[in-house]
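As recorded in TrEMBL:
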{"type": "BINDING", "residues": "HIS66, ASP104, HIS312, GLU316", "note": "divalent metal cation binding site"}
Amino acid sequence: MNLQELLSALNDFASPALAESWDNVGLLVEPSPPHTVKTLFLTNDLTEEVMEEAVQKKADLVLSYHPPIFTPLKRVTCKTWKERLVVRALENRIGIYSPHTTYDAIPHGVNSWLTKGLGACTSVPLHPSTAPSSPAEGTHRVEFCADAEHLDAVLFKIKDIPEISCLTTLPARVEGEEQTRVSLNCSQKALLEVVALLFQNSLLHHKTEILLLQKPLLPHTGMGRLCTLSEPVSLSDIIKRIKGHLQLPHVRVAVGTGRTLESLVKKAALCAGSGSRVLKGTEADLYLTGEMSHHDVLDAVANGISVILCEHSNTERGFLSELRDALTIHLQNKINIIVSEKDRDPLHVA
């Protein structure tokens with residue numbers, strides 16, 4: 001597939017607009033066009049060892065779940081390992097694409113895969129995503145009525161305000177008088193100017209309505225998941241299930257105050273990767289994530305919530321096999337998709 005055609009398909013699979021505002025997603029390194037992709041290489045972390053594997057397997061595009069370029073690079077040399085990744089990629093005409101938190105948010109993404117480790121359950125996002133686009137432009141809608149004496153002058157001034165859209169006028173009858181109903185959409189910044197203009201005329205100000213325009217929530221889409229188990233099970237059984245699902249010999253566990261390993265778990269809140277911010281304040285029997293700050297673990301335990309920590313990338317990497325199968329179908333078997341064998345969590349127990 002042509003690179004641009006593939007990027008369009010990847011963006012259809014998971015819209016970059018679903019990513020967190022702080023994230024750096026999408027195409028990060030682009031070989032000079034035209035660029036054809038025959039082999040797509042999947043990895044959780046793009047290390048130098050993984051890049052060499054991609055070169056050996058003749059990859060044309062690396063899909064790295066974590067963005068290897070996050071903070072801006074001031075130069076591209078061979079001095080640091082992240083700069084060397086870019087150099088090696090361009091030397092071998094390999095593109096780099098990162099989806100990161102877009103794959104956290106989608107219904108068929110990383111967090112949904114992680115819920116399978118709990119057993120049979122239903123789940124909803126902890127922080128639902130809003131629609132990337134919406135028919136309504138602007139953040140606010142302003143509606144007011146004006147008589148013929150004031151209408152032209154007000155409209156003339158409004159049209160000079162930037163970030164005004166969807167301006168419409170309709171005949172209206174107000175308290176027995178023929179007037180015109182004006183409706184417009186505007187940004188937060190433009191709203192201040194519109195209101196200031198209407199305040200200049202007390203008759204217009206008293207007939208003004210301001211509505212907040214909110215994008216609709218996307219069902220089953222968003223950060224984290226709150227899971228309700230079909231049948232409550234003991235914390236010890238949940239631990240066994242998680243270790244089996246993630247294929248880990250051990251996990252770290254903090255038992256909530258007043259709980260034991262035999263206490264039943266009915267509700268579990270989870271977040272792949274680093275869960276402190278996403279899980280904080282959620283009412284549940286259990287928090288499941290890769291890593292949390294020491295003090296956030298203490299807070300959870302004090303509130304009677306047990307915590308299972310599996311190390312950051314261990315809660316994400318197993319998703320790659322499922323992703324390979326999903327992308328094979330989505331891309332209609334047009335390209336070869338392989339999963340890195342060198343990608344691994346950097347931490348181990350000595």
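Cβ coordinates are placed from backbone N, Cα and C, and glycine is handled just like the others.
In TrEMBL, annotation is done automatically, which means it is predicted and not curated.
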Q. If you draw a 10 Å sphere on the Cβ of HIS66 (divalent metal cation binding site), how many other Cβ atoms land inside?
A. 17
(Q) Which one is it: of the binding-site residues ASP104, GLU316, which Cβ has the fewest other Cβ atoms within 10 Å in this structure? (A) GLU316
(Q) Restricting to the chain of HIS312 (divalent metal cation binding site) and a gap of 6 or more, list residues whose Cβ falls under 8 Å of its Cβ, or answer none. (A) GLY273, SER274, GLY290, GLU291, ASP345
Q: List, in sequence order, the residues of the same chain other than HIS66, ASP104, HIS312, GLU316 whose Cβ lies within 8 Å of the centroid of the Cβ atoms of the recorded divalent metal cation site.
A: ASN44, TYR65, HIS100, VAL110, ALA272, GLY273, SER274, GLY290, SER313, THR315
